[in-house]
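Enquirer: Can you read through this structure? Questions will come right after.
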Amino acid sequence: MSKIVVAGGTPLCGDVRISGAKNAVLPILSATLLADAPVEISNVPYLHDVITMINLLRELGAGVTMNEGIEAKGRSITVDPRWVRQHMVPYDLVKTMRASVLLLGPLLACYGAAEVALPGGCAIGSRPVDQHIRGLQSLGAEITVENGYIKASVSQGRLKGGRFVFDVVSVTGTENLLMAAAVAQGTSVIENAAMEPEVVDLAECLIALGARIEGAGTPRIVVEGVERLKGGQYAVLPDRIETGTFLVATAMTGGRISMQQVRPQTLDAVLGKLTEAGACIEIGEDSIRLDMQGRRPCSVNLTTAPYPGFPTDMQAQFMALNCVAEGVGVIKETIFENRFMHVDELLRLGAKIQIEGHTAIVQGVERLSGAPVMATDLRASASLILAGLVAEGETIIDRIYHLDRGYENIEGKLGALGASIRRMT
């Protein structure tokens, strides 16, 4: 099993290219099933979850080809959905990735039937699929859950437009319903919809393929269904979580970094907290520069919340920052009930953290000490790498398969910025 070894003490300096967004490319790849011709998706990150989604699409019968790009947009994937004949998504592929549930809406909407195994993914708390099921039922779907599978069908040919109000904000629930509504008969209204940039990116992709959607990025989305989407091309937006992770890493190490072709407007909450921590930040239309040279960060308080609030996917990274910051920082997690699993590993490095329910109180220390640690989920693994970058000695991070689900070549990118980091098998 692979491990990552980090030797701390070197400030990160230089330029980095941010990959396409993991949380956007997965629903967009699912949405290609709605088209009646090939769809080319560019700026695709090379991640374990992307490979899993490709394998799922191929299992359904779709033709999938990956093309390596030589320009800034990177690699592209072309999906030809015209060969889809299978409507069952098996457990052996689904078990490693929760986003596989995003195939439910497109399969049901286009083929009138879908059978998707209940999903897996990071073990960071309960993320039920009941919102997906109820949303699709509002469009006329008949759904049961039997033997670990969601079994859905449409008895009257096509899904019918309807109105659905989410009990709680659900990103993947909004995406599933949005895709299904795009080819349903009539008008659908989605209330209390997720407003995340990745939802907007999916909507813009659907529109590029012929969908009629208004209100994406607001709590109310209106979809006028069309019979089928067309083929086309679309470029995935840059990954805001990877962007934030590299910014925090640079701030922690007292470095300087420049990023081009990013979306600063999707990172207001993160950039605000980094400024509060003492970083000097310059923002352009599609660029971010951060300078923390010669300074120790100040602790920050934060509470996770749905977009445009502070993203839960950046909570672990800011906890790592607070571990070596000056002062005491309080972090409240409101999205998932089990997302402090990285705390025990940070304690092994010498961090001072006290947990009180859904709140972590972090007393900053001047330095951490390298030690063997174990990744427990995707973002926790990133926080351990960040902590290793500022720890004395070597930090060895085990179970990094979590990391490969969401970060493309993170050791190569950090190494290019000056970090002493390597993968060990």
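Each position is counted from 1, following the chain as shown.
Each residue, glycine too, has its Cβ placed from N, Cα and C.
What Swiss-Prot lists as phosphoenolpyruvate binding site is Lys22, Asn23, and the listing cites sequence analysis. Taken from Swiss-Prot, the feature UDP-N-acetyl-alpha-D-glucosamine binding site applies to Arg98, Arg127, Pro128, Val129, Asp130, Gln131, Asp313, Ile335. Under the heading active site, proton donor, Swiss-Prot lists Cys122, citing sequence analysis as support. Residues annotated as 2-(S-cysteinyl)pyruvic acid O-phosphothioketal in Swiss-Prot: Cys122.
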Enquirer: Around the Cβ of Pro128 (UDP-N-acetyl-alpha-D-glucosamine binding site), how many other Cβ atoms lie within 10 Å? Please give the count over every shown protein chain.
Expert: 11
Enquirer: Rounded to the nearest Å, what's the C-alpha distance separating Asn23 (phosphoenolpyruvate binding site) and Val129 (UDP-N-acetyl-alpha-D-glucosamine binding site)? Just drop the number here, would you?
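Expert: Asn23 (phosphoenolpyruvate binding site) to Val129 (UDP-N-acetyl-alpha-D-glucosamine binding site), Cα-Cα distance: 17 Å.
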Enquirer: Within 10 angstroms of the C-beta of Lys22 (phosphoenolpyruvate binding site), what count of other C-beta atoms is obtained when all protein chains are considered?
Expert: 25
Enquirer: Sorry to bug you, but what's the C-alpha spacing from Asp313 (UDP-N-acetyl-alpha-D-glucosamine binding site) to Lys22 (phosphoenolpyruvate binding site), rounded to the closest Å?
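Expert: Just about 12 Å between their Cα atoms.
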